[in-house]
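Undergrad: One structure coming up, written as structure tokens, with questions to follow.
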Amino acid sequence: MTASHSLPVLMRVLSASLTLAKRAGQLIKDVQMSGKSLDIVDKGHNDPQTRADRASQQLIISALAQHFPQLTIRGEENITIENSSDTPDINELVDTNLQEVLQATCPTEFRELQEKDLVVWVDPLDGTREFTEGRLEGVTVLIGFATQGNAIGGIIHQPFYADGNEHGRSVWGIVNSGVYGKCILSSKPLPGRILAGSLSHRSKTVVDAVNACEPSEVLQAGGCGYKVLLVLERRAHVYVHASRGCSLWDTCAPEAVLKAGGGMLTDVFGNKISYLSTNETSVNTGVLATMENHDWYAQRIRETITL
């Protein structure tokens, strides 16, 4: 028995998930570098799925389901998850990143949570369209943890991040504990009002919502996880997604990480997003993410659009 057995369940699940997110990121990179077909399946408008999406979800969910059988797990891809003989040992999964996870203290209110209390929301490859088009910076692996409908922890792994000899990074957080991993906060005040938006959604409603925020600059970027990183690291003031198209597996991990860092993520009107496993998975009223002045943005959007 390792020391990890004495950890709260949330911390064990998080540590195992961090290992899996990093391995899924490597798997995604291997697919991209192989030069072979991505085997793209069109799930709908601007919603492709590749063999990297499918393999990443299989890796993450099969391991979590095998080792934490009472978890409720929701993944983006509608595929059959098969038990694998290659699933890593539970001690290997938990212990590989345990020292990193032990930087965080599990908040008192989460220490007694059991597996059955947690819902895990998995986006195995956020930013699939960007992945298929070679715009790799926006690709992330997202694993979020919720209880009683609230996002409480999350992992954003960016497999194609490059910093010198370091390739790939993970940013993760626990609400009421903090943000950990390789989160790079700018030391300089961010001028103007910079808004991060999507390349995929350019309807009149989207444009009206963006204009309502009076941006001095609009950063066109893909992937919910990546755009939340832009806000978290003070490279953008606000992320606005004023259309349907996001789902709970897109927003759970980013919301938890942003909230752990002192920010907020809601729908575009400022309403809380619920992560109950029984909920409709689509976030039909968009996404608004900020580190400050959240109510101001939500009010401006409420006065301008309807969804």
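Cβ atoms here come from the backbone N, Cα and C positions, even for glycine.
Since the structure is predicted, the reported quantities are computational estimates derived from the model, not experimental observations.
Just lifted these from TrEMBL, have a look:
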BINDING   GLU76, ASP123, LEU125, ASP126, ASP250  Mg(2+) binding site
SIGNAL    1-21  signal peptide
Undergrad: Who are the chain neighbours of the signal peptide (1-21) in space, where the CB to CB distance is under 8 Å and they lie at least 6 residues beyond its ends?
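TA: For the signal peptide (1-21), the far contacts come to 59-60, 63-64, 67-68, 71, 88, 90-98, 100-101, 104, 106, 110-115, 118, 120, 141, 143, 145, 152-153, 155, 157, 170, 172, 174.
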Undergrad: Which residue among the binding-site residues GLU76, ASP123, LEU125, ASP126, ASP250 has the fewest other Cβ atoms within 10 Å of its Cβ, if you could check?
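TA: Least crowded of the binding-site residues GLU76, ASP123, LEU125, ASP126, ASP250, by Cβ count within 10 Å, is GLU76.
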Undergrad: Taking the centroid of the Cβ atoms of GLU76, ASP123, LEU125, ASP126, ASP250 as the Mg(2+) site, which other residues of that chain lie with their Cβ within 8 Å of it, listed in sequence order?
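TA: Leaving out the recorded residues gives ASP53, VAL122, PRO124, GLY127, THR128, THR140, VAL141, LEU142, GLY223, CYS224, GLY225, SER247, TRP249.
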